[in-house]
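Student: Once you've had a glance at the structure underneath, I'll fire off some questions.
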Amino acid sequence: MKPFSQFFVFVVTVSATSYIDAFTRNDFPNDFLFGAATSAYQWEGAFDEDGKSPSVWDTTSHCDSGSNNGDIACDGYHKYKEDVMLMAEMGLESFRFSISWSRLIPNGRGRINPKGLLFYKNLIKELRSHGIEPQVTLYHYDLPQSLEDEYGGWINRKIIEDFTAFADVCFREFGEDVKLWTKINEATLFAIGSYGDGMRYGHCPPMNYSTANVCTETYIAGHNMLLAHSSASNLYKLKYKTKQRGSVGLSIYAYGLSPYTDSKDDETATERAEAFLFGWMLKPLVVGDYPDIMKRTLGSRLPVFSEEESKQVKGSSDFVGVVHYNTFYVTNRPAPSLVTSINKLFFADIGAYLIAAGNASLFEFDAVPWGLEGILQHIKQSYNNPPIYILENGKPMKHGSTLQDTPRAEFIQAYIGAVHNAITNGSDTRGYFVWSMIDLYELIGRYMTSYGMYYVNFSDPGRKRSPKLSASWYTGFLNGTIDVASQDTIQLQRKCSGSSSL
């Protein structure tokens, strides 16, 4: 495999010249999907309505005082028709959303909730009626609390059977109208963030180091995710694929990576980071086993695939879902004092420290489009050029700061340019989804930060939506009225200047 470091020179060379080149929607393949994304807990609200049971995020967010939770969020459960109309007006070609396991199957297994089933059928029908392709994620961090309480969730192999049964219901009930299925969202980050720092969700307060074996649970959870994903994939291929003709995939959180210096130590550290952050999930999907460097580093802490499991995992993804926001320089300095407290044990295993390329605060981070281009080229060359969907990419800003979110429009423009470059250079990238369609309850920033192209007034009981400049830019790009090489973003800002305040 080519390490990430070998792409850095290529990416920097093209980034200086290519992102200002003209491109339009017509420069992408006809079947390429441009869309936007949300997730169930962050968008739906209605946390205890119509038979829904608590998820681990309901439990965890209720540890906070006041209304700092997703109980109502954007109220998408009641306002989905309004939101689909906004998508249609924008010209979205696809909408990515997740299905709440605890809304559809409240006990985690067994009885289907008819009102939950009807909601998702109606949402999919509404999307289809407006010519919008549903892209469905089965798991977006919101395990039914009942399964967490019963056996500990993803660290127990019982999750494989329960997740496969949940997927079976979804394929059976929605599969005629859904052709793109992502099994698990951000599998890498979910395992690291939920288990690697010992703060497992579904507890109030969340589990800490004294009650969780953080040295092993990250890798156990990741292993069980791969087995659950491959089990559900095998089910789909045997039972549904011939008739429904859909595709199934797994999503990873993909950091852009580059050596901090040209030293051998930093290049080697970057190779280790690539193995842990990409190869951990992607290599089993290609060859049926973990990267050698992970096996050498972790020893008995890394679970082992049986021969049968290896065969099942290999080839179990029709596509790779990429979630990308940040790019980092990698340096070989694993001293604990240099590693942030969150995820520190995982990065100690890597033996590396990640330094943000540009500003990377809670409310803002810089556009580093060469990072995404490098990711797409790396996956192409290291993992047999699989089909890729960029399932999330977007820019945070302080919520309620302005409707004229020019930095967000410029961010989206730059990253679409990076995708265009990667496709030109042979990447089989097939879709790009902005995070997010509207302002959401953010799992980290709560209501302080937002990514939406539509502003949501969370103080308004009606959750009024208002378009931002980025929504107008994306609309113009999709319908061909925005010339990316011109000053149209600036002109658009002037045109919208009369509605900049909230």
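Cβ from N, Cα, C; glycine included.
Given the structure is predicted, the values throughout are model-derived calculations rather than measurements.
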Student: To which of Glu82, Glu89, Glu392 does Swiss-Prot also attribute binding of beta-D-glucoside at the site defined by Gln42, His140, Asn185, Glu186, Tyr325, Trp435, Tyr451?
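Tutor: Between Glu82, Glu89, Glu392, Swiss-Prot records just one in the beta-D-glucoside site with Gln42, His140, Asn185, Glu186, Tyr325, Trp435, Tyr451, namely Glu392.
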Student: Near Glu186 (active site, proton donor) in space, meaning Cα within 10 angstroms, which of the recorded positions do we find among Gln42, Asn425, Trp435, Asn457?
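Tutor: Correct set: empty; none qualify.
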Student: Taking just the CA atoms, what is the gap between Glu392 (active site, nucleophile) and Asn457 (N-linked glycosylation site) in Å?
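Tutor: So the Cα of Asn457 (N-linked glycosylation site) lies 23 Å away from that of Glu392 (active site, nucleophile).
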Student: Out of Asn185, Asn479, which of these recorded positions shows the lowest number of other CB atoms within 10 Å of its CB?
Tutor: Asn479
Student: Centre the Cβ atoms of Gln42, His140, Asn185, Glu186, Tyr325, Glu392, Trp435, Tyr451, go out 8 Å, and tell me which other residues of that chain have a Cβ in range of the beta-D-glucoside site.
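Tutor: Surrounding the site, in chain order, are Ala37, Ser39, Val323, Leu391, Ser436.
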Student: For Glu186 (active site, proton donor), which of the three DSSP-derived states applies: helix, strand, or coil?
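Tutor: Its secondary structure by DSSP: coil.
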Student: Can you figure out which of Asn359, Asn425, Asn457, Asn479 (the glycosylation sites) comes closest in space to His140 (beta-D-glucoside binding site), comparing Cα atoms?
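Tutor: Sorting the glycosylation sites by distance from His140 (beta-D-glucoside binding site), the top entry is Asn457.
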Student: Give me the non-local Cβ neighbours of Tyr451 (beta-D-glucoside binding site): same chain, 6+ apart in sequence, Cβ-Cβ under 8 Å, ordered along the sequence.
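Tutor: Expected: Gly394, Lys395, Pro396, Met397, Arg408, Trp435, Ser436, Asp439, Leu440, Glu442.
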Student: Around Glu392 (active site, nucleophile), how many other CB atoms lie within 10 A of its CB?
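Tutor: Neighbour count, Cβ to Cβ under the 10 Å cut-off: 25.
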